[in-house]
Amino acid sequence: MTKKFVGLTILDGLGLTDQKENNAFHLAKTPYLDYLLKNFPNTTLKASGEEVGLPQGQMGNSEVGHLNLGAGRVVYQSLTQINKAIRDKSFFTNKQFLQAIEHVKKNNSKMHLLGLISDGGIHSHLDHFKALFDLLKENNLANNTFLHAFTDGRDTSPHSGINYIKDLLDYGFNIASVVGRYYALDRDNNWNRINLVYNMLTSKQAPVIDLPLEDTIQNFYNQGITDEFITPFITNPNGLINDNDAVIFVNFRPDRAMRLATALSNPCATNAFCSEGKTNFCGTKLLNNLFLVTMTKYSAQVKSVVAFEKITLKNIYGEVIANLGMHQLRIAETEKYPHVTFFFDGGKELQLKNADRILIPSPKVKTYDLKPEMSALEITTHAKTAILSGKYDTLILNFANPDMVGHTGFLDATIKAIQTVDSCLKEVLNAIFAVKGKACIVADHGNAEQMTDNQGNPHTAHTTNLVPFIVTDKNVVLKPGSLCDVAPTMLDLLEIKKPQEMTGNSLIKKLV
């Protein structure tokens, strides 16, 4: 039997729209993608809303996209799960929240809420903060609760933070500190950023600003500093995190929250996030008897109780391949490495048989418009070598550029990012063709195709647009579908029967 190879290349954040103005995908010169779309079967997929397990109209994201891609079924997301708990009131009897409340009362200490304050729905949601505050008011802890607000400006408008701050103040929150997500939610092991936030939260090592909070935020805007990049500052020194306190980390998505959560709960484990085995975490004050609740399970390193356990997904794509004794490779740079591993594997840290992983470090730049190529060239070099070795039966590869550079809001840089990916994609696919394999090309959500909003301001968030799906097999005809249909399609190309747990369907309508 001839060995078959199928490679999946994920063009992160590359959606489709008929709107051509300020559309980086349309404006970029992409001769190879143009060639693929002209010469090979292709279709469009839904990558947002209910089709990926999110509320109707909710934009997709990389975590959700990769979960659905790898699971081969619609994966109902934490956002949907938590929203449902608020509606049916089970949120207010959640055992873990009540344990945190009891801890505060027993120790006569403080309650802290921290997380990303926006309604972007990618990492957190403002409604969850409000529901928690309602619960704390019911338990007479409102006056002893402090909010540590991480401003967004990435999944939302760059200057929307001031409105979220006002909303929360009007709701009754006591905001003790503020910092942009660039510092608080770094996922590229920039521990100097995490250190700044940790020491602000615990040791008063940040400016204490007495101005009205909204005026302070406006001052940042006046200096050209958007929500994402607001530097740490304290508004209420009495609201710092101390021994015996309780913390509820309101982010439900783990990948950007896990480092700060580890620093708070298990600082000795911060080394686990560094490939060289040594972190630069240096918290001034280590906390004792801290009770930490995370909305979902962040990682094995985070010592917390988990408010909402995730549904266990069985027989995902990677497991099917491994159980058949086949070899697979996952490759991405730091920014998207968790997505081709943890998220593609159903939100689990799996050690699959015959599964290799290659992590390419992301460039150490403040924002990726400064290096729109990111690490795509290095990924391409390693991928080509691996494919041509003949060792592997399947490959999962992510090019982060359209999404990560698209998030900066800079059109020219995003165009360059897409052009880089186009040339790299050609090299990867030529290697696949050399081993007589087939390639699937997909995006996990939209972003780079819309670089401005309706008012002409930079649009740095994801979109709800359809995404492309291409199969380099001229003997098939494809039908439209959703991200959950990609894994069944890949199994179909490998002539492997999909497991019954995969409720997605092959997108191959018929053989020509």
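Residue 1 is the first one shown; counting continues down the chain.
Cβ from N, Cα, C; glycine included.
Annotated features in Swiss-Prot:
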type	residues	note
ACT_SITE	S62	active site, phosphoserine intermediate
BINDING	D12, S62, D444, H445	Mn(2+) 2 binding site
BINDING	H123, R154, D155, R181, R187, R253, P254, D255, R256, K336	substrate binding site
BINDING	D403, H407, H462	Mn(2+) 1 binding site
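Counting only residues at least six positions away in the same chain, the Cβ atoms of I10, D12, G13, A47, G60, N61, S62, V64, G65, H66, L69, H339, V467, L483 sit under 8 Å from the Cβ of D444 (Mn(2+) 2 binding site).
Sorting the binding-site residues D12, D403 by the number of other Cβ atoms within 10 Å puts D403 first.
Each residue contributes its Cα atom, and for R187 (substrate binding site) and H407 (Mn(2+) 1 binding site) those atoms are 15 Å apart. Restricting the binding-site residues H123, D155, P254, H445 to those with a CA within 10 Å of the CA of H462 (Mn(2+) 1 binding site) leaves D155, H445, listed by sequence position. Among the binding-site residues listed (H123, P254, R256, H445), H445 has its Cα nearest to the Cα of D403 (Mn(2+) 1 binding site). Within 10 Å of the C-beta of R187 (substrate binding site) there are 18 other C-beta atoms, taking all protein chains into account. A straight line from the CA of H407 (Mn(2+) 1 binding site) to the CA of R256 (substrate binding site) spans 15 Å. The record gives D12, S62, D444, H445 for Mn(2+) 2. Within 8 Å of the mean position of their Cβ atoms, the other Cβ atoms in that chain belong to I10, G13, A47, G60, N61, G65, H66, K336, H339, D403, A443, N447, H462. Across the binding-site residues listed here (H407, H445, H462), the residue whose Cβ sits among the most other Cβ atoms within 10 Å is H462.
When the binding-site residues H123, R256 are compared by the number of other CB atoms within 10 angstroms of each CB, R256 has the fewest. Under the three-state DSSP scheme, D403 (Mn(2+) 1 binding site) falls in the helix class. H123 (substrate binding site) sits 15 Å from H445 (Mn(2+) 2 binding site), taking the Cα positions as reference. A simple way to gauge crowding: the CB of D155 (substrate binding site) has 22 other CB atoms within 10 angstroms, across all the protein chains here.
The number of other CB atoms found within 10 A of the CB of P254 (substrate binding site), across every protein chain shown, is 25.
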